[in-house]
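Colleague: Let me begin by handing over the structure; questions about it come next.
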Amino acid sequence: MLAKRIIPCLDVRDGQVVKGVQFRNHEIIGDIVPLAKRYAEEGADELVFYDITASSDGRVVDKSWVSRVAEVIDIPFCVAGGIKSLEDAAKILSFGADKISINSPALADPTLITRLADRFGVQCIVVGIDTWYDAETGKYHVNQYTGDESRTRVTQWETLDWVEEVQKRGAGEIVLNMMNQDGVCNGYDLKQLKKVREVCHVPLIASGGAGTMEHFLEAFRDADVDGALAASVFHKQIINIGELKAYLATQGVEIRIC
């Protein structure tokens, strides 16, 4: 059995790490490189960086910090933000990123997933899905351009359909960003994760809602996700990664202990 992964998420805007609640009202957390170094030293299995306004601003991720991160950490990291072409992806990977993630650009042009997978291999192509639960209809809908509140829009895709579509097109991993739970710290949406797990046959990463160590355990044990991504609990030092992994190990979760 492959070890489950603990993945800190660093949302980047204007060269700094920020964090919002339900993708809104972002506050500055700190500088990118020192935070990345700290998480690697604490025992993170991987890092994910989102340049959150790159797609809505119509630009590729600001690359100046990518190579600096690669110099100070020895764990894999993934970069997302406005990657719309093979050339964009090649530049990010050449600066030291191990994976690239696409979200809004994939919705705008689904063929991009296949072209990236064919060029670089499915193992380094991640598709991020920003999903919102509509309580009135009971449905999960995919959102686009979520880095900019004024441009965020609901797409025609229901979440489960898009999960199946991106796999057909070559996604090697899916990060499910559950917008209703984002930054609220009251737990992952296990009901949604279980539904997605049934149709997701590539590694699935849960994102949005972690507030306690038990929330991570529930995602691994009850929804069988491959990794759990979180931001607020790590940024605010509510949970220490090393202590979290020790706890998960005592609960029978296969996890890499540093």
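In case you wondered, yes, glycine gets a Cβ from its N, Cα and C as well.
Copied straight from Swiss-Prot:
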- D11: active site (ACT_SITE)
- D130: active site (ACT_SITE)
Colleague: Enter the number of other CB atoms within 10 angstroms of the CB of D11 (active site).
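Modeller: Around D11 (active site), other Cβ atoms within 10 Å: 23.
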Colleague: Round to the nearest Å and give the CA-to-CA distance linking D130 (active site) with D11 (active site).
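Modeller: Cα of D130 (active site) to Cα of D11 (active site) measures 14 Å after rounding.
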